[in-house]
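What Swiss-Prot records for A8, Y9, S10, G11, G12, L13, D14, T15, S16, G116 is ATP binding site. Summarising the annotation, Swiss-Prot assigns L-citrulline binding site to Y86, N122, R126, S174, E258, Y270. For T118, N122, D123, the entry in Swiss-Prot reads L-aspartate binding site, with the evidence type sequence analysis.
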Amino acid sequence: MTERVVLAYSGGLDTSVCIGWITEQTGAEVIAVAVDVGQGEDMEVIRKRALACGAVEAEVIDARAEFAADYCVPALRANALYMGRYPLISALSRPLIDKHLVAAAHRHKATAVAHGSTGKGNDQVRFEVGIGSLDPELRILAPVRDSGMTRDRAIAFAEAKGLPIEVTKKSPYSIDANLWGRAIETGFLEDIWNAPIEEIYAYTADPAVPRPADEVVVSFSDGVPVAIDGRPVSPLEAITELNRRAGAQGVGRIDLVEDRLVGIKSREVYEAPGAVALITAHQELENVTVERDLARFKRLVDQRWAELVYDGLWFSPLKRALDAFIDTAQRHVTGDIRLVLHGGRAVVTGRRSPQALYDYRLATYDTGDLFDQSLAKGFVELWGLPSRTAARRDLAAGAGE
């Protein structure tokens, strides 16, 4: 029986070339699997392209709702920002793609899964560790990395085989897009002194262009967005609408030199209007509803959660344990946040929650204040006791010298 290989297919140059390369080098049949995570492309065109490039079968899986509910929402509840800024656009989609690749391999009785990642990027790790976590027995092929395939060689291969790919050596950028955002790299951006130019952006309008502000109210239940301006929405609908509205205001542009998993620093430009607006709102609702010590510790958990996902460890035991912690921490994160979207910023202007720990009667300095200030003196004395005790010791030691 001819060996079968399932290929993670994007429709681009590298994965299109991978189809012919795998067939030539291994004699295997290639089944192309394209997962729709909201990249905004015509998936039927991509499916037909895979067949035209030599795949014996090609599948398109609409995973947009699944991506929103099971991957973007957990990232939102974790306020997931790698290095404090990057909302894990590409990193979030890879474990979902891994899941569908492994399922396809089982359906088609394939013995291997292939991807088109290079040896310099993070995605090779995310694909291979994720696939190995779901089925350790599947072999993994990485033709672009393992054959040292350059862009020039890939173009030459495509031209020699007559592959239906429109590409030129002048195409300057590498772009990865999904529902949660869009990543742009390479080209002139590799000189970190060069400022991004307006033409690279697609999800966000120029924030410097004057336009009326947009006010939006986002409602959450247990940390999950459930309504916008009072209208019930699914996670997919919430992200889609805020991508549109925040994007129209230029919200969510990020220019970052980040620490890649493989040990190099890389300049990346991102646009994630919906993600940035939602995380801004969610963080503020946590400020209102989460107790201080839990909030402090959760910030540490959030950071580690983002690092694990960035590093391709979505299916790891630690990630699962952190998920359980975050789930508990979100039990009271219910309420409404009002945002003003304008000039590239999402600014919180209002908060309300039936679970709020903010008590006006305790916080006010006006008439009606219920805070008993007579208790403060003893609290301050006890709070400062360790510091005063240490100071006396240090002063005595100094005097002894």
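Cβ atoms here come from the backbone N, Cα and C positions, even for glycine.
These numbers come from a predicted model, not from an experiment.
Sequence features, as recorded in Swiss-Prot, placed on the structure.
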| residue | record | contacts (Cβ under 8 Å, 6+ apart) |
| --- | --- | --- |
| A8 | ATP binding site | T15, V33, V35, I97, L101, V113, A114, H115, G116, F127 |
| G12 | ATP binding site | G116, I165 |
| D14 | ATP binding site | G116, V144, M149, A154 |
| S16 | ATP binding site | Y9, R49, A50, C53, A158, L163, I165 |
| Y86 | L-citrulline binding site | I254, L256, E258, E268, Y270, Y310 |
| N122 | L-citrulline binding site | S90, A91, R260, L261, V262, Y310, D311, G312 |
| D123 | L-aspartate binding site | S90, R94, H115, S117 |
| S174 | L-citrulline binding site | I184, E185, T186, G187 |
Quiz item: To test your reading of the L-aspartate site: which residues beyond T118, N122, D123, same chain only, put their Cβ within 8 Å of the Cβ centroid of those residues?
Solution: S117, K120, G121, Q124, V125, R126, V262
Quiz prompt | Non-site residues, in chain order, whose CB comes within 8 A of the mean position of the CB atoms of A8, Y9, S10, G11, G12, L13, D14, T15, S16, G116 at ATP | solution = V17, C18
Exercise. Determine the Cβ neighbour count for T118 (L-aspartate binding site): the number of other Cβ atoms within 10 Å of its Cβ.
Key: 17
Quiz item: Cα of R126 (L-citrulline binding site) to Cα of S10 (ATP binding site): how many Å, rounded?
Solution: 16
Quiz prompt | Among S10, R126, E258, Y270, the one of these binding-site residues whose Cβ has the fewest neighbouring Cβ atoms within 10 Å | solution = E258
Self-check item: Reduced DSSP assignment, D123 (L-aspartate binding site)
Solution: helix
Quiz item: Where S10 (ATP binding site) and T118 (L-aspartate binding site) are concerned, what is their Cα separation in Å, rounded?
Solution: 14
